[in-house]
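In TrEMBL this protein carries:
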- 122-168: domain 'F-box' (DOMAIN)
- 228-260: repeat 'WD' (REPEAT)
- 261-300: repeat 'WD' (REPEAT)
- 301-340: repeat 'WD' (REPEAT)
- 341-380: repeat 'WD' (REPEAT)
- 381-420: repeat 'WD' (REPEAT)
- 421-460: repeat 'WD' (REPEAT)
- 464-503: repeat 'WD' (REPEAT)
């Protein structure tokens, strides 16, 4: 066995004795007597292999003469003992050292550790070529990279490498870097990676969502005591629609009402928004297209003969559904009605449009799949035994929620029923479908998570922190589920585990009439429309920003 093998075995033996005590039993947790991490064999780092410990010290740049123990004169026969030791073979020396260590007291073993341990503590990263050092750092988790940056200036330079952090962002699904230019650091000579800044920002936002902070939400008051029936959110603009016949455009940054969109002669029941274009549907039987930035009504769309109850915007087309039993396909830019889809025999309550197919659900218990270009009904999906109130469509599956308490999953191409999802006890009023995961909110006060491919219920979001009344709205966000309710709260759940995380909003009048009607969320903001039906809570919007720190000047 070589010199290094011998030395490492001695080191291991001494460390084990310190860790376990003289009787061989482990010390209690937290009471280990020495550090033993981060050691690398120097054999790969020095050109010539030392044969003795003195040679090793010289190779590491230390003097061959070290400070000796001065507790007294050397014992008699020491030189003879050392001479005998040198005549033994490697295995014989190991056996002798093994026996010697077993006979040493703890203080004596600690002394040996203090002499030997520093020789194995090498800054191997600084000894490697930069490309190889960066490759080694790619195996560290981001949290460990941040700690490594505090080791020394060279490690900090390596740990700020922009390509290294771009890879870490890719692993976390972060695809947006705020700036391709490096920001200046407070430390001279060290540039801060924009990809690192993007990672830290996303990590901070995630923590703010999950753990919250002490900031109060921004309160936007309007619509008097009327109900906010629909809510849209795009960029820094919020648009609320109400049964007071108006829509209001708000700044998500300042909370100010920028303008009120007037023109409808009946309550606004539905809306859609893309950038600064807003489309609204009303009980006055019309749709209106608005420019949210100027407040101008660009088009008034006539054609329906009863309340416009639902709509869905895709690209430059919007499909509207009405209590007159028809659907209409409109060109938003020109305001022209391009197609009329007829076939329902009762009010159309919900609609989805993906640019190729239209799917509608109605009070006639039917779900229909349409080709809007030919105006043909491709499939009538029959199976529900009561009104259909909610739909989701991802191009492959159609998912319908009904007052009959069931949710049905359909194949959009064949029209066949793939699964019937049972478990809810009342009306499924809202659903979200993404990547084959369906989240459903029900009037039975529960939220359920399903796999639409298998029909399996993965989680029921309930327990001691569940909603106490009907769920009114749902949103997916960052691997989280947000649910609002008639009980006056907005709850946050972990999509993967189904665990309740916290109440993001809890109205003062919760439990006594306060209601959260609608919610809309982006990666960094949550907007809630709240009020009451008995005057216990003012009608208002609540805006929560989970990226406030990003608006301030960052320093490194």
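The backbone N, Cα and C atoms fix where each Cβ goes, glycine too.
All TrEMBL annotations are machine predictions without curation.
When the repeat 'WD' (341-380) is classified with DSSP, helix, strand and coil residues number 0 helix, 22 strand, 18 coil.
If one looks beyond the repeat 'WD' (301-340) by at least 6 residues along the same chain, the residues whose Cβ comes under 8 Å of a Cβ in the stretch are 266, 269-274, 277, 279, 281-283, 285-289, 346-355, 358, 360, 362, 364, 370, 372-373, 375. Under 8 Å from some Cβ of the repeat 'WD' (421-460) lie the Cβ atoms of residues 389-394, 397, 399, 401-403, 405-409, 466-476, 481, 483, 485, 487, 493, 495, 497-498, all in the same chain and six or more residues away from its ends. Here the repeat 'WD' (381-420) has long-range neighbours at 349-352, 354, 356-357, 359-363, 365-369, 426-434, 436, 438, 440, 450, 452, 454-455, meaning same-chain residues at least 6 beyond its ends whose C-beta is under 8 angstroms from one of its own. In the predicted model, the repeat 'WD' (464-503) has a mean pLDDT of 94. Residues of the repeat 'WD' (464-503) grouped by DSSP class, helix first, strand second and coil last, total 0 helix, 23 strand, 17 coil.
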